[in-house]
C-alpha cells in the first residue's frame with residue numbers, strides 16, 4: 001500500500017483492481033484518516049507497510065459464489081441434447097432446423113461484449129455483476145417456461161422459436177458476468193483453483209442436464225403434464241425444463257447471497273475501458289521506453305517506496321488528458337471490437353483462422369449429435385410411424401447419455417490441459433485436439449455407413465440400433481470430451497499470452513476471438529441443413545465436412561500458430577454459449 005502525504009493531510013491509498021490488470025482504484029482519506037488495513041494506534045502505519053495483498057475469498061465462499069454456472073449449464077445441456085429433435089417433432093424440416101440456432105451466435109456476438117462493458121461500469125449498490133446475473137437468470141426462467149408449453153403444432157412452433165431465442169439471449173447475459181464475478185472474487189493465488197471450481201460446476205450442470213435429457217421417465221413422474229396435444233416426448237421436455245427452472249433459481253440464490261461485491265465508485269467507472277491500450281498499443285510501446293521507471297512493477301501496479309509524494313496529482317492530471325471518452329452503447333462496443341482487428345499482434349491472425357476452422361468443425365456436432373444418434377444409429381424418424389418415432393426418441397436419449405459421458409471426460413480433461421501445455425506447448429496441444437476431432441468426425445461418417453449397411457441387409461428392416469455401432473458411437477461421444485476441453489481453454493490462453501504486452505487490451509482481443517467463434521456458427525446454422533439436403537438428407541454430409549475443417553485446423557495450427565513458451569498460464573475455461 002503506498003501513501004503520499006500532501007498539504008492538508010491528504011492520504012491516497014491505491015488498491016489493485018483485479019478485474020482489469022492495469023487499472024487502480026484510489027480511496028482518499030481526508031485529514032489523515034486511517035485507511036483500511038492501517039492501525040489506529042499507529043498513524044504512520046501506511047508508510048511502514050508494503051503493498052497490500054489482494055483481497056481473497058475463502059474457498060467455501062468461492063465454491064458457493066460460482067454455483068450459478070451449474071444452473072445455467074443445466075439449461076444449456078437440455079438445449080443441446082433435446083431441442084433439435086423437438087424442433088422436428090413440431091413439423092420443422094431437418095434442413096431448416098439449423099436456422100433456429102442462429103440466435104446463439106448472433107446474441108453471443110452482440111450481447112456478451114455489451115454486457116461485459118456494462119457490468120464493468122455498473123455502479124449498483126449490489127455490485128457490478130450480481131444485477132446482470134439476476135436479470136439474466138430471470139430471463140432464462142421466462143424463456144424456459146414457454147419451451148415447456150404445448151398446444152397446436154403451429155402455435156407450439158411459434159412459442160418454441162420465441163422461447164428458444166430468448167433463452168440464448170438470457171444465457172449470454174449471464175455467462176459473461178458470472179465469469180467476471182469469479183475473477184473479481186478470486187485473489188492472485190486463487191486463479192487456477194477458481195478456474196477448476198468454475199469448470200467443476202459447469203461439469204455438474206452438464207451431467208445433470210444430459211441425465212435429464214437421457215431419462216425417458218419424466219412423463220411418469222409428472223403425469224399431469226401429458227395432454228392430448230402433448231405426447232410422451234413433449235411431456236418429458238416440459239418436465240425437464242421445469243426442473244431446470246427450479247434448479248437455476250436455487251443456484252442463482254446461492255450465488256447472489258455468497259458473492260460479496262464492493263460497489264464501484266462513479267469516478268472509477270470512467271476509467272474501465274481497455275480499448276484504448278489495444279487501439280493505441282504501438283504508441284504506448286514507443287512511449288514506454290522514454291518514461292522513467294517510477295516504481296512500476298511487472299503486474300502494472302506501483303511500488304510505493306519509489307513513487308514521489310506528488311505522483312498522485314500528476315497521475316490524476318495525466319489520466320484526465322489520456323483517458324478517451326468511451327461510449328458503451330452496443331454499436332460503439334462492436335465498432336471497437338472490429339476496429340481493434342487492425343491493431344492486433346501479428347500472431348493473433350493465425351489464432352483467429354485456426355479458431356474459425358475449429359468451430360466450423362465443432363458446431364455441426366453441437367447441432368445434430370442426438371439427432372444423428374436417433375436417425376443414423378437407431379434408424380428412427382421424428383415424423384414417421386409409431387415404431388420409427390419410438391426408435392428416434394430412444395436414439396435421442398442414448399445420444400444425451402453419450403453427451404453425459406462427454407461431459408465427464410470434459411471435466412477430467414479440463415484438469416489435464418495445463419500440464420499438457422507445459423509439457424508439449426499450447427500450439428501442439430491445440431493441433432492434436434483438432435486432429436482428434438478429425439478422427440472422431442470421420443468415425444461418425446464410417447459408423448453411419450456401417451449402420452446403414454447392417455440395417456439394409458436385414459430382411460424386414462428391424463428398427464433399432466446395432467449394439468456394436470451404438471457402443472462405438474458412445475465411445476466417439478466420450479472421446480470428443482478431451483479436445484472440447486482444449487477448445488474451451490487453450491485459444492483464450494494463447495490470446496492472453498499474445499496480447500500481454502498491449503497494455504491491457506486483452507478484453508477487446510478476447511472479443512475479437514469471439515468473432516472467430518460466432519461467425520463460423522452463423523455459417524453452419526445457415527448452411528448445414530441445406531448442405532445435408534443437397535446430399536439426400538441426414539447428418540453425415542455435415543459431419544464429413546466438419547472432419548475436413550478440423551483437419552485443416554490441425555495442419556494450420558502446426559504451421560501457422562506462433563510458438564509460445566511452455567510456461568503455460570491458464571486464462572480460464574470458456575464453455576459453449
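Using N, Cα and C of the backbone, Cβ positions are placed for all residues, glycine too.
Here TrEMBL flags 302-316 as compositional bias 'Polar residues'. Per TrEMBL, region 'Disordered' is recorded for 29-55, 273-322. If you look up TrEMBL, you'll see 62-87, 99-119, 131-148, 195-219, 239-259, 348-368, 399-417, 429-452, 472-496, 508-528, 540-559 marked as transmembrane segment.
Same-chain neighbours of the transmembrane segment (399-417): 77, 80-82, 196, 199-200, 202-203, 206-207, 210-211, 213-214, 369-374, 429, 473-474, 476-482, 484-486, 488-490, 570, 573, counting only residues six or more beyond its ends whose CB sits under 8 Å from a CB of the stretch. Listed stretches 195-219, 239-259, 348-368, 429-452 were compared with the transmembrane segment (472-496); the greatest number of C-beta pairs under 8 angstroms is found for 429-452. A Cβ distance under 8 Å defines the sequence-distant neighbours of the transmembrane segment (99-119), meaning residues of its chain 6+ beyond its ends; these are 83-84, 87, 92, 128-129, 131-132, 161, 164-165, 168-169, 172-173, 175-177, 180, 273, 328-330, 333-334, 337, 367, 507, 511, 514-515, 517-519, 521-522, 525-526, 529, 577.
Take the transmembrane segment (508-528) and the stretches 62-87, 131-148, 195-219, 239-259, 348-368: counting Cβ pairs under 8 Å, 348-368 has the most.
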